[in-house]
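Heads up: the structure comes next, in structure tokens.
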Amino acid sequence: MADDGMLLNFTFSDDVVKKSEPKLKGGTWRDRLSAKKIAQHRAQPRKPSDGTAAPRPVKNPNRIQVSGTRPAKRQRTDDDHDAGLRDHDRAGQSQHQHQHPRQFISSLFSKNPLPRNAEEPTDEAPAEDAKPTNAPLIDGLDTFTNLGLSPTLAAHLLTKLELKAPTAIQKASISQLLKEESDAFIQAETGSGKTLAYLLPLVQRIMALSHPTNRTDATSTTDAEGQPVVHRDSGLFAIVLAPTRELCKQISVVLEGLLRCAHWIVAGTVIGGEKKKSEKARLRKGLNILVATPGRLADHLENTQALDVSNVRWLVLDEGDRLMELGFEQELQGIIKKLDARQRPSRIPGVPTKRTTILCSATLKMNVQKLGEMSLKDAIHIKADPADEDGDAKPKNDDESAFTVPAQLKQSYAIVAAKLRLVTLTAFLKRTFMRKGSVMKAIVFVSCADSVDFHFEVFTRKLQDSDENAEDSDASDTKEKPAAFTHNTIARATAFSNPSNPVTLHRLHGSLPQHVRTSTLASFARNKDASVLVCTDVASRGLDLPNVDLVIEYDPAFSAEDHLHRIGRTARLGRDGRALIFLQPGCEEGYVEILKRGYRDGGKALTRTNADDILKRGFGGNVESENKDWEEKATDWQMDLERWALEKPESLEMARRAYQSHIRAYATHVASERSMFNIKELHLGHLAKAFALRDRPSKINVPGLRQGKDDTKKDYKAARAPAAGKKRKTPGGRDDDDIPAAADTASAAQKMRAKMKEHMAGASEFNLA
């Protein structure tokens, strides 16, 4: 086609022509995106700086009349991360700045689940005081002398120990064990005096060896040359096994009190945590009665030649169910086999030809029956006579899972939401110790050792963070504090103390060194002022702590039997006592039916406590008042606690570690009760509020394990070394900054954890013993 000479002109605006943009290469996609946004921001035309630019038109398609100008924007805070992302000038600096996770502060009294079960109406008529079921008998004919004890021992019980009459289980067991030499299984409720039930016949039998029946002077304990017939060199006659070190210490104290009327009989203890060298020295000197834990006794039977068990004629297994639960089955089998193999005829007249085994337990479960089949032969079952316990009570059918609580124990439960657990506990303790003398001692049971440490720091935080003036004023009192103060196990409970009634707080769990556990427990028992013990189940078995008026189960026990032993720390030997258990709304409310099974009357004495009433009494004072000041006070206390946790990294780590350990412990309930403690129905976000945490549960993570017993003991010794002026020596002659030392420590810790998994039960993971 020929060219016709036409020329076409097209007009385009400047916006149509697209400028070529350089393509960014290299780096990460975040860097490329950041550079692209910066380039786009620079390419935009800048606004005039004189401020005369025309206002931006406001789109108003509906023709709505707008009065006034647009209100000013609020000032951006640090939490407005979305607005900060729009600032392109900071795009290059965002990757170098530390971004804190956004915290959501929830309200204590919003979105809390309601209890499923309605509160049952209570009778307005005052309930009659129940007759104690574990008190000493008041019948004057039932004295210790009538049961077969010698006048010397009976007079010692009356004058020195102030025991006028035996309890029901002591009446049944003493007469039976003194009459026959067969094996026995003693079953009685907690706090009824089982320790004396087997110690009194034991001491009576050994005292009888000192004066045989063919002697003319039966009251004499010496031979013709003036020497005792039975002394510490005569041999070991009896062994008492207990599951925990604290129970062994208590049995030893009771036994030493009995033996003050028979000074020639020597008793001793061998328990874990003590120096084996000192124990071997005591064994070489000679003992007649030995109180021990199974693990340490098995070790001495294997490695200590000075331990002669050829004359052992009495073996007592105290708290048999706990011995099996803690995984001592293999140790007990080995101990029984070695005692049978090493038994020899005794040269001392009056010593029985065969060994008598006594098994004691408050419950009759399958593991106890298994232990009985392993250790007992043709055993007799000793139980308290129901007529002696309570004439009006009807005995229940024997059941493996049945357990009974003392009739005089006043037990209640509170349905508390997860977010309100900590403030409710604080309010209850505030109200309990408001007046001096109302409650002398209380025990708070929690599920794990990390939770014990956290709550101890929470309730004593103001004392430890006091100013220098307060420290100077208390400088004169530090010399009189017990040794446990140096390991931070005893402090003033500032969270619920008041000037008229100061309260001392103690903490106890299985990860503490043995000497610290012993001194802390002794301080709590000897303290004459108001005291509170926060502990795990290490203090729930067999301990007879004086003047314990209240037991609080902040975390429910792992089984009904553990619950029985927990509340058994109060209402002992006929004294009154109270117990309170915290339950969450939902499936945990079904645990009330299990609590009712422990009562002879079907749970009529079990009462329900309203959580709001506890908060009103603790933070407000008047329950019937409609004022909501108590909510503000509880919220202020919770907010102050959360700020304390955020200000200190060590406090935040402690709270997170306690939160994680609590959840792990929550999943270890027995199978029969796991439907009531279902971890899938546990609101983890609300539960974090009870540990002063504002983080989301998915962001709460604490790597590593908590310090064990050995690590805590090493730190304790390291802290004492500079004070004593001694230079700490490193193992192998290495310096402190030697690199292989860290590797050796890590490998040793790994081996220790592997060994603990092989030899310890599942409950030991949470430092229960």
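A Cβ is built for glycine as well, from the same backbone N, Cα and C atoms used for every other residue.
Looking at the stretches 142-171, 442-471, 652-681, the one that Swiss-Prot records under the feature motif 'Q motif' is 142-171. Range annotated as motif 'DEAD box' by Swiss-Prot, chosen from 318-321, 626-629: 318-321. Residue counts for the motif 'DEAD box' (318-321) under DSSP (helix as H, G, I; strand as E, B; rest coil) come to 2 helix, 0 strand, 2 coil. Counting neighbouring Cβ atoms within 10 Å of each of the binding-site residues (Gly191, Gly193), the lowest count belongs to Gly193. Taken as a whole, the motif 'DEAD box' (318-321) shows an average pLDDT of 89 in this prediction. A 10 Å cutoff on Cβ-Cβ distances gives Ser192 (ATP binding site) a total of 25 other Cβ atoms nearby, all chains included. There are 25 other CB atoms within 10 A of the CB of Ala188 (ATP binding site), with all protein chains counted.
The local packing around Thr195 (ATP binding site), expressed as other Cβ atoms within 10 Å of its Cβ over all shown chains, amounts to 21. In the shown protein chains, 23 other C-beta atoms lie within 10 A of the C-beta of Glu189 (ATP binding site).
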